[in-house]
Every structure is written in C-alpha cells, then in structure tokens.
Amino acid sequence: MKKLWQNCHIATMQNGQYSYIEDAAIVTEGHLIHWIGKQQQLPADTYSETVDLNGAWVTPGFIDCHTHSVFGGNRSVEFEKRLQGVSYAEIAASGGGIASTVRATREASEEQLLNSALKRIRCMQQDGVTTIEIKSGYGLNYENERKMLRVIRQIGEKLPMTVKSTCLAAHALPPEYKDQSDAYIEHICTEMLPKLHAEGLVDAVDAFCEHLAFSPAQVERVFKTAQSLGLPVKLHAEQLSSLGGSSLAARYHALSADHLEYMTEDDVKAMAESGTVAVLLPGAFYLLRETQYPPIESLIKHGVRIALSSDLNPGTSPALSLRLILNMGSTLFRLTPEQALAGITIHAAQALGLEQTHGSLEQGKVADFVAWDIEHPSEIVYWLGGDLPKRVVQHGQEVIF
C-alpha cells in the first residue's frame with residue numbers, strides 16, 4: 001500500500017548538494033520511495049494513509065559510516081586523568097587505553113554488549129541516524145571478535161535500522177601476541193577472517209595502519225585475504241603519521257580511508273583516482289586536541305568525496321550525536337553545512353557501498369528520511385543540541401521512540 005507524506009520541503013542531497021524541492025511530497029510503497037516531487041505535480045492515486053508534515057524540511061536519514069558502538073565498559077575515568085595531566089602513554093602502561101576496553105569486552109556476555117550498545121544507538125536514532133556501520137576490534141581473538149560481530153547482527157535484528165558489520169580484528173595487538181604482530185596478522189588471515197566470513201558475520205574488513213598498530217605491509221596481507229573472500233576493505237589511515245595507508249587503500253579500491261590528518265597530496269590523488277571516500281572524524285580530532293588538520297582543500301580540489309562520522313568509541317570519541325559531529329565538521333574543518341550534510345548522507349552511503357539504495361531521496365531508493373523543525377537545512381548543522389527532528393522514518397515506517 002502507498003503512503004503519502006505531504007506539505008514539506010525536501011533537501012534530497014542528490015549529487016552531494018541540497019537539491020531542493022519546495023512545496024513537496026513523498027509517496028512511499030513498502031520500504032521504498034515510489035514518487036517524490038512538487039506537491040502540485042502529485043499523481044492522482046489512492047493512499048492507505050496521508051501524513052501532514054506541517055511544512056517541515058525533510059532530509060535523507062543520517063548514515064553513521066564509522067563507529068565502534070559495541071564495547072564493554074567505558075573510559076570516563078581515563079578521560080578525567082588525561083585532563084589532570086596524565087599522558088596516554090602512562091595510562092596505557094598502567095593497563096588502560098584500548099587494553100582496558102579489550103578486557104572489558106572479553107569479560108562481557110553477548111547480552112551485556114547488546115544491551116549497552118542498544119542504549120547508545122537509540123540515542124543516535126533520535127538524532128536522525130537510520131543507517132550505521134559498526135566495527136569489531138575489541139575482542140582481538142576469534143571467540144571475542146565473533147561475539148562482537150554476532151552482537152552487531154543482533155542490533156540489526158532488534159532495531160529498525162540498516163546495520164553494516166565490519167571486522168576490525170587488525171585494530172591492535174592483543175596481549176597474548178605481545179611483540180608478535182606478524183604472527184597475529186597471520187592468525188587473522190588464516191583463521192579468523194575465513195571462519196567469520198563463512199558464518200556470514202562480515203560485510204567489510206578494516207585495519208588500523210599506524211606506527212602503534214600495523215604496518216602497510218601487514219595491512220596489505222589483511223587486504224589480500226579480504227579480497228580473496230570477496231569482501232570490500234576500509235582503513236584507519238594517516239591519523240597520527242604519514243605511512244601511505246590511504247594510498248594503499250586506494251590501490252585496493254577501498255570503500256573508504258578514515259581519519260587522514262597526515263595524508264599527502266599524492267595520497268589524495270590516489271584516492272581520487274580509485275574513488276575511495278575520505279571519512280573525516282572530527283570527534284576524535286576534537287577530543288585528542290589534534291593540531292594537524294586533514295587536507296580539506298586538497299580533497300575538494302581533486303574531487304575526493306568527503307564523509308563525516310561519529311567514530312563512536314569509548315576512548316577518543318564518545319559521541320552519541322551525529323548532529324554535533326556535523327557542527328564540528330563545519331567549525332573545525334571548515335566544511336559548509338551543505339558539504340557536511342552530504343558527508344552523512346550520500347557520501348556516507350558511498351563509504352559503505354550503499355549509494356544505489358541509500359543516502360539521497362530519489363524514486364526507487366529506500367524510504368529513510370527525517371522531518372525537521374527548521375526553516376533551512378543549514379540549521380541542522382548550526383544548532384548545538386535541541387529537539388529538532390519531528391519524525392524519523394525508516395523503511396517507510398515512522399520510528400516510535
């Protein structure tokens with residue numbers, strides 16, 4: 001049955017632009033957009049339900065394309081210690097940092113991880129998020145990476161959202177592989193990835209290419225394994241130093257390379273040629289008080305598509321609001337509101353390989369959209385907080401919180 005959503009204005013975000021339709025309407029049929037356009041051009045038809053949006057602005061549902069939403073515990077005490085002058089290295093040496101999250105995640109049951117993640121993600125839903133990517137990477141062995149990926153699949157079953165799972169086993173070196181990074185990478189490639197993929201738990205494969213994680217050569221080993229399994233790849237790259245990770249990602253036609261503060265112009269050109277999306281993570285940049293900015297002008301100059309994401313994680317970006325990330329993207333990285341909104345809609349969809357079905361409001365695409373109590377789409381980026389979403393629609397059905 002067809003449902004009519006009328007009396008609204010629409011920012012479709014086609015081609016990464018507002019692409020306004022004023023005095024508009026949307027017709028949904030099942031989970032898809034059947035028709036979209038000016039209300040005066042609405043075809044004569046019979047509708048099972050008519051919804052008056054009362055002049056609201058409508059945007060595509062938000063897509064959070066880089067998160068670590070499943071984890072045990074939190075690191076708020078470490079946050080306070082850092083502000084008291086304790087260095088990250090000192091925290092890590094005392095058993096804190098990512099090691100503490102690995103311990104807490106390993107100790108937690110599937111049910112505990114699921115319940116804590118659902119609380120966080122429901123907050124994001126209320127902010128307009130309808131699609132989310134979630135990474136593993138706090139288990140760091142087969143049993144616990146599997147546990148995390150099973151929880152991610154369960155989130156997709158429990159919530160009316162599109163949920164994509166990414167295996168990030170190559171996130172950090174687990175304690176049982178201390179000083180044996182090559183052996184751990186071999187374990188990922190010969191044991192973990194093939195088994196997890198065979199169980200249908202993996203949509204994409206990610207790795208952390210950095211001096212404190214894994215080298216480009218080690219990451220390439222992971223990428224080759226993913227490629228042999230038919231899985232797309234993504235990469236944490238150039239966050240703290242320039243190792244050429246983003247160029248490596250481009251060579252393997254990665255969906256995205258993420259962080260990118262230290263990427264070079266050659267890296268940018270390589271990503272432009274491969275079509276790899278640049279995912280910027282201003283929440284981590286903000287919390288870590290970084291001073292090295294991603295090369296925004298170069299990315300734009302060379303036509304690299306820019307996405308934004310929360311990077312929700314317990315250590316460096318405990319961000320539960322993608323709208324706050326929008327403002328950070330504009331304020332810190334000087335993206336225009338239009339560029340920022342493209343970064344959490346159509347460009348974020350491209351970073352997940354979903355651009356044919358998600359990310360913009362067009363006939364035939366999935367009916368994920370948000371109605372906003374605003375006078376112009378730039379307000380979504382401008383306001384810090386506030387109850388702006390009037391309705392969140394997922395697969396053609398309004399989400400009731």
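Each residue, glycine too, has its Cβ placed from N, Cα and C.
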_Residue among TYR47, TYR138, TYR142 sharing the N-formimidoyl-L-glutamate site, where Swiss-Prot lists ASN313, GLY315 as binders_ = TYR138
_Further 4-imidazolone-5-propanoate ligand in Swiss-Prot, beside ARG75, TYR138, HIS171, THR316, within candidate set GLN6, GLN14, GLN239_ = GLN239
*What does Swiss-Prot list, out of HIS211, HIS236, HIS376, HIS395, as binding the same Fe(3+) as HIS66, HIS68, ASP311?*
HIS236
*Close binding-site residues near HIS171 (4-imidazolone-5-propanoate binding site), where close means Cα within 10 Å, chosen from HIS66, HIS68, HIS236, ASP311, ASN313, GLY315*: HIS236
*asked:* Please give me the binding-site residues out of HIS66, ARG75, TYR138, HIS236, GLN239 that lie within 10 Å of GLY315 (N-formimidoyl-L-glutamate binding site), comparing Cα atoms only.
replied: ARG75
_Nonlocal neighbours by CB distance (under 8 Å) for HIS66 (Fe(3+) binding site), same chain, sequence gap 6 or more_ = GLU133, LYS135, LYS234, SER256, ASP258, VAL279, LEU281, SER309, SER310, ASP311, ALA351
*asked:* Long-range neighbours only, meaning 6 or more apart in sequence with Cβ under 8 Å: which ones does HIS68 (Fe(3+) binding site) have?
replied: ILE134, LYS135, GLY137, TYR138, LEU168, ASP311, LEU312, ASN313, PRO314
_Site diameter for 4-imidazolone-5-propanoate, Å, by largest Cα distance between ARG75, TYR138, HIS171, GLN239, THR316_ = 21
*Ranked by the number of other Cβ atoms within 10 Å of their own Cβ, which of the binding-site residues TYR138, HIS171, GLN239, GLY315, THR316 ranks first?*
TYR138
*Whose Cβ lies within 8 Å of the mean position of the Cβ atoms of HIS66, HIS68, HIS236, ASP311, the Fe(3+) site, other than those residues?*
THR67, LYS135, ASP258, HIS259, LEU281, ALA284, SER309, LEU312, ASN313, SER317
